[in-house]
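Pulled from Swiss-Prot, these are the features on record:
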type    : residues                                               : note
BINDING : Gly11, Pro12, Thr13, Ala14, Val15, Gly16, Lys17, Ser18 : ATP binding site
BINDING : Thr13, Ala14, Val15, Gly16, Lys17, Ser18               : substrate binding site
REGION  : 35-38                                                  : region 'Interaction with substrate tRNA'
SITE    : Ser101                                                 : site 'Interaction with substrate tRNA'
SITE    : Arg123                                                 : site 'Interaction with substrate tRNA'
Amino acid sequence: MKRNKIVFIFGPTAVGKSELLLNFPKGVAEIINVDSVQVYKEFDIASCKPSIELRAHVKHHLVDFLEPIEEYNLGIFYKEACEIIENLRVQKKLPVFVGGSAFYFKHLKYGLPSTPPVSSEIRLHINSLFTTRGKNYLLEELKRVDFERYESISKNDIYRIKRSLEVYYQTGIPISQFLKRGQMLANVLAIGLRRPMEEMRSRIISRVKNMIDCGLLEEIKSLLGKGYNETTPAFKGIGYREFLLWKSRPYSMLNDIINLIVKNSFLYVKRQMTFFDKIPNVLWFHPDDDLKDILDLIFV
């Protein structure tokens, strides 16, 4: 197996990524999850988290580690992913990134985007801190969140001090990491999984029915009973947010909610494939027909 190799396995919701991973040899690779809902504790069924069986077969990272009220974004993913890559290389394990978030895959491969625009709320907050607590407080805060940037700029350059904090507060990523962007990952094997759209529609319908059979309704009631609601970041995921409509419209039929989940899932699959098709140098496979070829590529 090539030294320092990194594998990407991506494809739309319900394409069959988990089935592929069950065929991995034990102890050779570890999975880094590339999904924005499976990261949350308690939100299990509609997020289609890797099964206990799969997680026992091959270790997974970035699954089930955030509280539902916490925000998850590119900055958190990128920071965690880079650390995991380094740790796995020390252990001589193969990092395999698996999921459906094309946005995260793109920026992991090609580096972070240029420093983003900052909301007026963040800018006002930083200015308020400067007015009420002074420059030294901002410097101490910068030292805490981005020591590299703190060391590299003049302690009297209030513009850069403020800007550095604005970027961190907006994204969760130190500005020093943005300034290093363009450092593309090398030795990436990108494998895409795809099926005909009618096949995908059938699989989505089966998946949603299985969610209901596995207790999704009970999970939703439990989550709402704990006080989670439309402001909870984890509730933004498909399969969860639709039930908030049911909560506000109790006379809606469960069947209507199920049909809405199927519809939203299929639209999401289309958006995913549009984004994935723009990523260059991807080897595309049907996950059922080409299983041996895929495994040979990954583990040679």
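Using N, Cα and C of the backbone, Cβ positions are placed for all residues, glycine too.
Source: prediction; values computed, not measured.
According to DSSP, Thr13 (ATP binding site) sits in a coil region rather than a helix or strand. Other than the site residues Thr13, Ala14, Val15, Gly16, Lys17, Ser18, same-chain residues with C-beta atoms no more than 8 angstroms from the centre of those residues' C-beta atoms, the substrate site, are Gly11, Pro12, Glu19, Gly100, Leu193, Arg203, Pro287.
In this structure, the C-alpha atom of Thr13 (ATP binding site) lies 37 angstrom from that of Arg123 (site 'Interaction with substrate tRNA').
In the three-state DSSP classification, Arg123 (site 'Interaction with substrate tRNA') falls within a helix. Note on the recorded positions Ser18, Ser101: the fewest other CB atoms within 10 A surround the CB of Ser18. Compared over the recorded positions Lys17, Arg123, the count of CB atoms lying within 10 A of a residue's CB peaks at Lys17.
Helix, strand and coil residue tallies for the region 'Interaction with substrate tRNA' (35-38), in that order: 0 helix, 0 strand, 4 coil [DSSP]. Spacing of Val15 (ATP binding site) relative to Arg123 (site 'Interaction with substrate tRNA') is 42 Å (Cα to Cα, whole number). Taking the Cα atom of each, Pro12 (ATP binding site) and Arg123 (site 'Interaction with substrate tRNA') are about 37 angstrom apart. Residues belonging to the region 'Interaction with substrate tRNA' (35-38) score a mean pLDDT of 96 in the model.
Other C-beta atoms found within 10 angstroms of the C-beta of Val15 (ATP binding site) number 23, with every protein chain shown included.
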